[in-house]
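Here is the structure we will look at, set down as structure tokens.
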Amino acid sequence: MPTVTYVHPDGTKHEVEVPTGKRVMQAAIGAGIDGIVAECGGQAMCATCHVYVESPWADKFPSISEEEDEMLDDTVSPRTEASRLSCQLVVSDDVDGLIVRLPEEQV
């Protein structure tokens, strides 16, 4: 089963085993990870599941959709090249070991 490591702004790390097909946001909520609010429940409508995905992981996910791109413009924490909505990131064996950094704030 793939693992995802969530890194808080203070450097605290939480490693979670995630079944393939589950979204990075769902895994965080299920594991009780603070820092993912997910107000819209994963519909890409609120930008409160914003995370930073660094290389080489960023290239293993589909490109940002127009909808996700628009929502990322409304994040509370600064948008960077690494910004993604975790509700749009589906875990697969290709991303085993994925590291996502959580922003300072979501709302």
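Glycine is no exception: its Cβ is also placed from the backbone N, Cα and C atoms.
Quick look at what Swiss-Prot lists:
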type: BINDING; residues: C40, C46, C49, C87; note: [2Fe-2S] cluster binding site
type: DOMAIN; residues: 2-106; note: domain '2Fe-2S ferredoxin-type'
For C46 ([2Fe-2S] cluster binding site), just count the other CB atoms lying within 10 A of its CB, please. 20
DSSP on C87 ([2Fe-2S] cluster binding site), three-state: which is it? helix
Look at each of the binding-site residues, C40, C49, C87, and point out the one with the fewest other Cβ atoms around it within 10 Å. C40
DSSP helix, strand and coil counts for the domain '2Fe-2S ferredoxin-type' (2-106)? 23 helix, 23 strand, 59 coil
